[in-house]
């Protein structure tokens, strides 16, 4: 009886394979192919969420997610749900201790199970990546403290690789859209704050390259390739061989790389266009000054076998943590567009995403312009205005409005009703209206503006924001604010060591040059020289020269700088639990742990820059100048008194006592009154520096469970002791 039953069971499994959404997975490469069924047959869309930061100290984040996200996902019905990192917060209530909290992970697991159930979506279409917060204090992937592998959806479904790719196919596989997710968190998860950057390895880059090449040999290549991860490229380090994610993405001409990590604290315009063609000496290695990067001009090649333009967009999205943000990203015949939804004011009854024409501010302008010039575009792709409309109520009308801003005003030139693409079984509603796209050619990328308006059966009206478009592929004007440039335009991994060594050399030079000048030259900078020159440089020279006249302070600062270069700064607890400690230098952490077989040298670089650079530029440098200023103030006070009283320079026994009276026996002069306030200001600056240093030390004590006297006495005490000594040495008796 057992054999016939086994045969019948095998036949049943063969005829009814356990698949969802007609998908299958290659277990070795973590690759999934999803046949997207039903209409519309020209467009797919996915949802992105990021930086959830579920926290035991902020239960509202999980509560709002549980209440708002399931209805939205049910209404949108995406083909994929991408959650790009920082699923939990891992921070103490005072934000100073950063390590894994299992209670937060249990909450995340329970909330996601409820979201999947109430949204009606298949759990397999959810891809939740690991962020740096999900990696705080995790000594080894798969270990007891790696709660991500235990509680995340990826972990539960066995997606253990650092690269997971999904291919969405439309029209029975004739159109393909490739999504490649990557986990570039550091292999040994340090506690924060020195866990801030993505660290792609050479192996990871090879795997990403392989996945992005998956369909290149097929006759019909994917129309679009999208990659998703947690870290922006400005916060991603290079691999050991010097390769970067940007190199791989340019090689494959991605449509977009979508990420999180930065939230919206630095601005809502955290987007960046990348292209190739710049020389080795270009500043692009360190900076990109404009949101749009224009590739080098080359000869136009309109042959069908010509390689695509090497460019891609990087789109960081807002966070759920504070902004309650969600993004819908659509691909319509190769045109990629997105809409960001804000749930801070509650749930949405209607959501509109225009899919063509594209927003000219964030379109791949080079390839679009090339496509238009070479007339490679499909007529069906350009001959209609299209928009996806998601609503909980039946929609009775959708209207496309086009405005002309040529005269400085928005003059409406098109006001047309859109019709729904009818389909017996549809994943969503696509509305279209024919137009003469050639009438909207213009040398400006932001002359024409599109707005779509939808009205539901209850009479409620929803409108999209006005967005510029350009059918001939010219970008609309948009610029970063200084904060947006700071986090998106600066390549911090490449900048760390140049900034560090420039800072260290500067500190050494301002100590050594004045000392050498005093030693080899008989000429000294005096207060009278400064007044005569009326120059800032001569004033700085006086300050640094007088610091040299306080030998213990001068040698103390010089020795402290060499200590920071040659020795560990402190030793701390880098993992969530255990007695293993590591020590940090300016090059990174040296970690020795019983949980891992080999030692790790200088990990967490350039992440340590968040500790190193503020200490050098906001503590050590101000302390040197303030100490020199105290010494200079004392010297000026002495010289002025001697010039007024006629005393010799070596008569110091009654200097301060006699200074209280002038030659006529009157009280303090105006000079003494002014000097008193100058010294008082400098003493306040010493207190500010000391308070800043105290706050830094307190943060480090809590972050890495350290005792300042045992684990970082030189770092903690050197600057306060040097300042105290200079204050004492320059006081008036």
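Cβ coordinates come from backbone N, Cα and C, glycine included.
Per TrEMBL, the features are:
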type	residues	note
SIGNAL	1-22	signal peptide
DOMAIN	46-264	domain 'Calcineurin-like phosphoesterase'
DOMAIN	347-474	domain 'TMEM62 Ig-like'
TRANSMEM	495-518	transmembrane segment
DOMAIN	498-713	domain 'TMEM62 C-terminal'
TRANSMEM	552-571	transmembrane segment
TRANSMEM	608-632	transmembrane segment
TRANSMEM	677-694	transmembrane segment
TRANSMEM	709-727	transmembrane segment
DSSP-wise, what's the residue breakdown of the domain 'TMEM62 Ig-like' (347-474) into helix, strand and coil?
18 helix, 58 strand, 52 coil
Ranking 495-518, 608-632, 709-727 by the number of C-beta pairs under 8 Å to the transmembrane segment (552-571), which range is first?
709-727
Counting only residues 6+ away from its ends, which parts of the chain sit with a Cβ under 8 Å from the transmembrane segment (709-727)?
550, 552-553, 556-557, 560, 563, 567, 569-572, 581, 619-620, 623, 626-627, 630-631, 683, 686, 689-690, 693, 697, 700
If you average per-residue pLDDT over the domain 'TMEM62 Ig-like' (347-474), what number do you get?
89
